[in-house]
Amino acid sequence: MLKLLLPQHRTSVYLFKFQFFNFRFLSQSPSLSNSASSFSSSSLAEAILKCRSAEEAFKLFETSSRSRVSKSNDLQSFSAVIHVLTGAHKYTLARCLIKSLIERLKRHSEPSNMSHRLFNALEDIQSPKFSIGVFSLLIMEFLEMGLFEEALWVSREMKCSPDSKACLSILNGLVRRRRFDSVWVDYQLMISRGLVPDVHIYFVLFQCCFKQGLYSKKEKLLDEMTSLGIKPNVYIYTIYILDLCRDNKMEEAEKMFELMKKHGVLPNLYTYSAMIDGYCKTGNVRQAYGLYKEILVAELLPNVVVFGTLVDGFCKARELVTARSLFVHMVKFGVDPNLYVYNCLIHGHCKSGNMLEAVGLLSEMESLNLSPDVFTYTILINGLCIEDQVAEANRLFQKMKNERIFPSSATYNSLIHGYCKEYNMEQALDLCSEMTASGVEPNIITFSTLIDGYCNVRDIKAAMGLYFEMTIKGIVPDVVTYTALIDAHFKEANMKEALRLYSDMLEAGIHPNDHTFACLVDGFWKEGRLSVAIDFYQENNQQRSCWNHVGFTCLIEGLCQNGYILRASRFFSDMRSCGITPDICSYVSMLKGHLQEKRITDTMMLQCDMIKTGILPNLLVNQLLARFYQANGYVKSACFLTNSSRLKTVSNSC
């Protein structure tokens, strides 16, 4: 491989000499006349090629440059001296001449024509001093000047492969431009012309595989490297591991991680970071923390990326104390928590309902001169609205606007959802208008939230108005939109319109979810169409993922209230066979059915089953059972349940 860099002291001498020559040469008129010269049109190039040394050739070229020869002779003599200098390993001076020639030719022709002229001139040199290395130098100079397409054209036109450094630069340029198919075509072309790939070439190919998602291709490349006796370096192992972690293939990633250590390749911080990120994404935060300890043992300094990944992982695992303790480690290693780290911790506290702690972290950020961004405020506003603290959410909303942080659609949607939960539809609609005035277009989430809000306040007219408005604007309703409207129409005893919307939903290719099925079943039996509800279940019972405990409970409740306790029991059994654990409401529906039919044994067994499942009877359940036991002569059991000290009260009774 050509060594394109000379030692510093030699390079500086050539650069000084060339700059002096270049100034004198370029100061002449760009149009070269046919004035007298000591050489004829082609004799200068011939004389240069006949010189005994590169120094003599360059001196002759420099001296003759004072003469104003023709452009063709200029290009020919340049090509000759570049070949001579390259053959003498004077690469820096050769590249300086190539650069000067490119700049001269660019003034008078398009880059594509210029590259053709220059390539042909260099190729036309007929001499034993012809050096194939000039084309690699030409490629490198084109790349350095930002002329990638010209460099690529030269590499494809060459009769043999450029040197490995030029090939590496070409392939890397294609990867960076995401021209992945060209990477493999050009690589095969280079191989066919004599390129012997090295570990650096393979690293670029691994990068291409990673960005294309070609996992099987990486395995073939690794086998190819092994067959050529090329040892993968830490960067190749890291990108391999990174790809496995991205696809959640942690077992394979672990094997590769151990394999690299077995082969004497020490993981670097990026390798550890990839593994830690993979473990955190799959919820294995303990393994991730174990690798963090390995980093310390290996005497590597963890950076903010490693800490951010760990904080995010522990927050998602609801281990907020551990996540917070990592801040102490960050201080120890001189790593300043960044915005991402704080946003992760704030999000963790919001998901756990610790809004006081989350808002306190905002104040802590500001005390450290770390300005919150739109994500920080959106996380907090969403958390506050979930916890029904809409007034505090609005205060933060006004604060972020005062700080010139522009709310996103997610910010507006969170606050709109908060107002809808409070049934404050006027404020929600005003906020939607403000959203539009601010240049933020309402999206599917905005419309679905507003439609659901109006459905909850029984304003079906306003809900349908928004439904038509969103379709006019080209926003396609989703399953949430349709489910809210279907449920609302059933509650308004308008089954015909509910079924029309369900039909529209299916025609639009939108698959119903578990809430949709629950609304339909609930609507059918409450409209006195229990048989339709059962038929609907039987038609759709293959879609197990679309049935949850709510849908089954609605069906069970309908059957029990209509005296079909045996069929209800079968559905209760079906629910469990689907892997769905009954909740308190499911048990209440079944208990009411058994009590209504005075099925004492079944009632007792169901009560035991409920306790065995880990569901504590609430006040309603205890009262129902107490009255039933008392009416059937089980006084002790009734007294036990009515004893206030033994009542297990739950706020949400069914």
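Cβ atoms here come from the backbone N, Cα and C positions, even for glycine.
The following features are taken from Swiss-Prot:
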{"type": "REPEAT", "residues": "37-71", "note": "repeat 'PPR 1'"}
{"type": "REPEAT", "residues": "74-104", "note": "repeat 'PPR 2'"}
{"type": "REPEAT", "residues": "131-161", "note": "repeat 'PPR 3'"}
{"type": "REPEAT", "residues": "163-197", "note": "repeat 'PPR 4'"}
{"type": "REPEAT", "residues": "198-232", "note": "repeat 'PPR 5'"}
{"type": "REPEAT", "residues": "233-267", "note": "repeat 'PPR 6'"}
{"type": "REPEAT", "residues": "268-302", "note": "repeat 'PPR 7'"}
{"type": "REPEAT", "residues": "303-337", "note": "repeat 'PPR 8'"}
{"type": "REPEAT", "residues": "338-372", "note": "repeat 'PPR 9'"}
{"type": "REPEAT", "residues": "373-407", "note": "repeat 'PPR 10'"}
{"type": "REPEAT", "residues": "408-442", "note": "repeat 'PPR 11'"}
{"type": "REPEAT", "residues": "443-477", "note": "repeat 'PPR 12'"}
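Look at the repeat 'PPR 5' (198-232): DSSP puts its residues at 27 helix, 0 strand, 8 coil. The DSSP breakdown of the repeat 'PPR 12' (443-477), given as helix, strand and coil counts, is 26 helix, 0 strand, 9 coil. The average pLDDT computed for the repeat 'PPR 9' (338-372) is 95.
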